[in-house]
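What follows is one structure encoded as structure tokens, with my remarks underneath.
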């Protein structure tokens, strides 16, 4: 046999072996393998052991530790902040829009962005260990306005979600396809759906998703969770954009369907003071407003002065009217007001008109003796929130008295 041929075979074999060694070495460094340990809060009883791989958010969830993530782990909401003292690697560019330089130095990271490659040491808020997961049953899912449904869920018998007014839960959904033409919507709300042909949309989701929703129910409403969910249709200027994944899924739910939720989460809680409370809401931002106001007046029997200012387009978009009318009749310390931005002729509306921040200012705060001493609780569309905050700042209201829930709008 030709010596050159034999030499060639030997050289080729040697090259393959060298490459194999390099690949195995690289794999040992770059590919997650084996079990790792995550030490939590320096408490041996809280530590977990699991295979390396995936993200910290998912690793914790696999062991029943649920960190809040309104965007479902996409890195866009910034809620899943945890302190990683060691083992988390370098902070990623995707995290820097939510984590300041000071926080980064202190070890703060987004759990949804931290790769689980080696053992690590993390710190989690103690309240996270009270978060649980439940499979609930849909009681009802009814339209309260043209683009808002009230989803009412039954908690499993013998269980309860120990939430505070202003809190929220997360809903999960498996891959699915939703056809808008199958939505059950009363005829009184068809006008806009027909006008913009919203029936044509289809939401196709190929992955497990999670989203957060503020609760409209309050703690005394035992055994149920109630949400106000606005359908996220594509904006008029982008009619071909995909509709909202989770809102489409929720709108497709019917009585008897099973839904997985986790919680409770939250920080949009009422301060324990005697200061006047001013609630400002719009759209699906009604949810935490209802929860707070019902809790203050029905459960706590609060005597604090409070008012609720709600903005809607037309009378058709108003809901829970009888509930708030009754609360107003039963409580001398509570008043509520609605402003319609675009009332219809058939509304025969003689109440406030215009945007809610202007109505609140012109009809109440402008002549208030000390608006800076009130506490302002708000939830609504981003444009409304920005307008209200700007107005309050012009009145000298400090940040500590402006409480905002970003979910409900």
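The first residue you see is number 1, and the count goes up from there.
Every residue gets a Cβ built from N, Cα and C, even glycine.
If you look up Swiss-Prot, you'll see 5-25 marked as transmembrane segment, on the strength of sequence analysis.
Per Swiss-Prot, the feature domain '2Fe-2S ferredoxin-type' maps to 34-128.
As annotated by Swiss-Prot, [2Fe-2S] cluster binding site applies to 71, 77, 80, 112, with the evidence given as sequence analysis. Contacts of residue 80 ([2Fe-2S] cluster binding site) defined by a Cβ separation under 8 A and a same-chain sequence distance of 6+ are given as 57, 67, 68, 69, 73, 110, 111, 112, in order along the sequence.
According to Swiss-Prot, the feature domain 'FAD-binding FR-type' maps to 131-271.
Look at the binding-site residues 71, 77, 112 and count other Cβ atoms within 10 Å of each Cβ; 71 has the fewest. Annotated [2Fe-2S] cluster site 71, 77, 80, 112; additional same-chain residues within 8 Å of its Cβ mean position, judged by their own Cβ, are 57, 68, 69, 70, 72, 73, 74, 75, 76, 78, 79, 110, 111.
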